[in-house]
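> My questions will all concern the structure given below.
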Amino acid sequence: MGQGRRMKKQGPPAPLDESKLSMLKKRKAGEADSAPKATASAKKRRRSDAEETGPKKVLPKKSKVNGTSGSTMQKKAVSGKKQPVPMDSDSDGAEDSEEDDDEFGDLDGVSERSMDSENQVEGLSDLEDEDDEPEEDGSILDSDDEDHPREAMFSDDEDMSDAEEKLTAANMEGLSRKLDAAKQTELEDAEQELQESAMQTNIAGDRSDLFADESQQGLAPDLQLLRQRITDNIRVLGDLKSLGQPDKSRADYLDLLLSDICTYYGYTRFLAEKLFNLFTPMEAFAFFEANETPRPVVIRTNTLRTNRRSLAQALINRGVVLEPVGKWSKVGLQVFESAVPLGATPEYLTGHYILQAASSFLPVMALAPQPNERVLDMAAAPGGKTTYMSALMRNTGCVIANDASKPRAKGLIGNIHRLGCKNTIVTNLDARTAFPKAMGGFDRVLLDAPCTGTGVIAKDPGVKTSKNERDFLAIPHMQRQLLLAAIDSVDHSSKTGGYVVYSTCSVTVEENEAVVQYVLRKRPNVKLVDTGLGDFGSPGFTSYMGKKFDAKMALTRRYFPHRENVDGFYVCKLKKTGLTPAKSSDDAAIATDHSARRGSQTASTDDEVIDKTPIADEDGVAMDFEGGAFGPFEEDEDADRIARAKRNRLRRKGLNPKAVLNKPKKNKGESFKSSESKESSQQQDAKAETSKKSSAHGQDDKKKATKGDKERKSKKASK
Ligand SMILES: C[S@@+](CC[C@H](N)C(=O)[O-])C[C@H]1O[C@@H](n2cnc3c(N)ncnc32)[C@H](O)[C@@H]1O
């Protein structure tokens, strides 16, 4: 891709252009026959040069932070030179080796890189000039909060257009150089395109035999010819009637196209087919192409420490060429070139920004956590989204940032400290079983789920060959379990929230719409709502390969590398409307999961429903979560709580606690009691349970406990 494209802001790309495909094809044809044309663009030249020895050949290139052209290796070479991995990045380096030791073996098949790929250069914080907090009405552009305590400091940033212009002006020298070069490239491209389209008429009538060199299969592929055949095939599929060979069916062409795609781009047939089926052949080609080039490097201003304008100025002074990422975000900066390593600047080290892929902003913007709320980030490491949430909440309330992987949780802690998040607690639990058992009643929950990483193949090309059928059973199964746990952990009666956001950096339907559809069936107490992310991205699928999904699935959003020039991503927002009913399991659906269960070390059963939503006790009083979900545990109060929890559990199962708990126990020869005495007998039962447990302990333990009790009591008395 030429500089012009590189300089493009994040946003919807130009529609796919057939003439571009034909141009590429012609160019390849020309190159195959003769020397490359002098007029070919820099981008095309790079591409064709690379193809002479294979699609990954690296040519020397000026260092750029995020070129979007050339082969993946080209990009890596570039980023390796100009963009060292930040200290806390767990994408590479030391943490990877730690991950090998990760006791959380259940993540088999989950792309480690995909887990944090959207935070590949995490650690950036947002500029404090604007509050990027999206409003609940869905507008993400009108997110400035007039009550923001720091507004006075940055009042001159109120007009974003002005700010962007100033920023651009500050970069003018660097930008104008790039724009000149881009203009030149585009002129050359346009000229070439004209020549190509003039030739198009001749080609259109040509029923060339794409199957002619099938006999060469098994030999080392000629990548130029292969690419040409891919584009020719796509053109034929677009008008099979007039361009197709009479003895070949559509299936024949599709089969040839898929095997060519596998050879050319290096995918397994299994994955290529899965991804291909998401698009028309033409768009699939654009998708596979986009996966060969990295997405723009984006940093997020940490508004807990600075504001975007100050950060931009500081980085410009260090030789960084950047500009605001686009109107949709007030904290993102797209970096075009950097004379300094972005992961080692003083601004980075002091937590003024975090390197964070643009698409990774979106789930947090959809979640829209509010100040003073209690929020759970279920799968949080390395913390790009946690720290953004903390910033949106202005370091108030509480964010529980959980991750099942200990080594990754360490990286998460590093980012939390660096970015100055003081409202965040890190836990290291398997969220499938820990929530809501350990904690529940959250105002909002983000589940940025572990996934296959098909949206971030540009960052992790290993996905092309490493993901198999088993992964596409086991990972969606885990995602479903996690999402059910997320829903059950939300307080539907939250005055400010009651929302769950589910996101993945994968584009497959199995991991997105199908997971959401499953939980909609299992949890009738949630409904799909607008993400609030506006028109950016595309609606989720309402049907796919004969399967129909909830009509409201269109409210979910999909993002693609070739459409929005961001990592492939999926975002879904759910509103919890009531308690999870006790009998909400869909046994048939669970039964179909057995193969997946065998394939993964599943830890919980879907049948067990624990909903920590505060529910009214028998007096109609909402259960007090102070101490219930977060608070300290007082032994004396525990018996009471246990008894109350027992009653609530029964109530969720649709049973009358009074009837069940006060059933006469024949062996004890108890008789019916009055409701008052029943109550106290339950408490006594619970206390007896507690004392039974403690009596099981050794004598020493008893002494210790007594001593501890005494100490506590005397401390209380002295207070
Ligand atoms: C896509 S990554 C999360 C990225 C993170 N939200 C961010 O923005 O930086 C998925 C994470 O899920 C974690 N994970 C996998 N299985 C889990 C489980 N059962 N419970 C909690 N976390 C889990 C992985 O360790 C991984 O860090």
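Cβ coordinates are placed from backbone N, Cα and C, and glycine is handled just like the others.
The feature active site, nucleophile is assigned by TrEMBL to Cys505. For Ala379, Ala380, Ala381, Pro382, Gly383, Gly384, Lys385, Asp403, Asp430, Asp448, the entry in TrEMBL reads S-adenosyl-L-methionine binding site. Residues or ranges marked as compositional bias 'Polar residues' by TrEMBL: 65-74. The compositional bias 'Acidic residues' annotation in TrEMBL covers 89-106, 125-146. According to TrEMBL, the feature compositional bias 'Basic residues' maps to 644-655. For 667-679, 686-712, the entry in TrEMBL reads compositional bias 'Basic and acidic residues'. Among the features that TrEMBL reports, domain 'SAM-dependent MTase RsmB/NOP-type' is placed at 287-577. Taken from TrEMBL, the feature region 'Disordered' applies to 1-163, 582-719.
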> Among the binding-site residues Ala379, Ala381, point out the residue whose Cβ has the most other Cβ atoms within 10 Å, with all shown protein chains included in the count.
Ala381
> Give the helix, strand or coil assignment DSSP yields for Gly383 (S-adenosyl-L-methionine binding site).
coil
> Would you mind giving the whole-number mean pLDDT across the domain 'SAM-dependent MTase RsmB/NOP-type' (287-577)?
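Averaged over the domain 'SAM-dependent MTase RsmB/NOP-type' (287-577), the predicted model reaches a pLDDT of 97.
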> Note down the number of other Cβ atoms within 10 Å of the Cβ of Cys505 (active site, nucleophile), including every protein chain shown.
33
> Using the alpha carbons only, what distance in Å do you get between Asp430 (S-adenosyl-L-methionine binding site) and Cys505 (active site, nucleophile) once rounded?
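Cys505 (active site, nucleophile) has its Cα 20 Å from the Cα of Asp430 (S-adenosyl-L-methionine binding site).
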> Under DSSP, the compositional bias 'Basic residues' (644-655) has how many residues in helix, strand and coil?
9 helix, 0 strand, 3 coil
> Please work out which residue of Lys385, Asp430 has the most C-beta neighbours within 10 angstroms of its C-beta, and give that one of the binding-site residues.
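Max Cβ neighbours within 10 Å, all protein chains included: Lys385.
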> Taking 10 A as the limit, how many CB atoms besides its own sit near the CB of Gly383 (S-adenosyl-L-methionine binding site)?
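Its Cβ has 34 other Cβ atoms within 10 Å.
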> How many Å separate the Cα atoms of Gly383 (S-adenosyl-L-methionine binding site) and Cys505 (active site, nucleophile)?
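Distance (Cα to Cα, whole Å): 15 Å.
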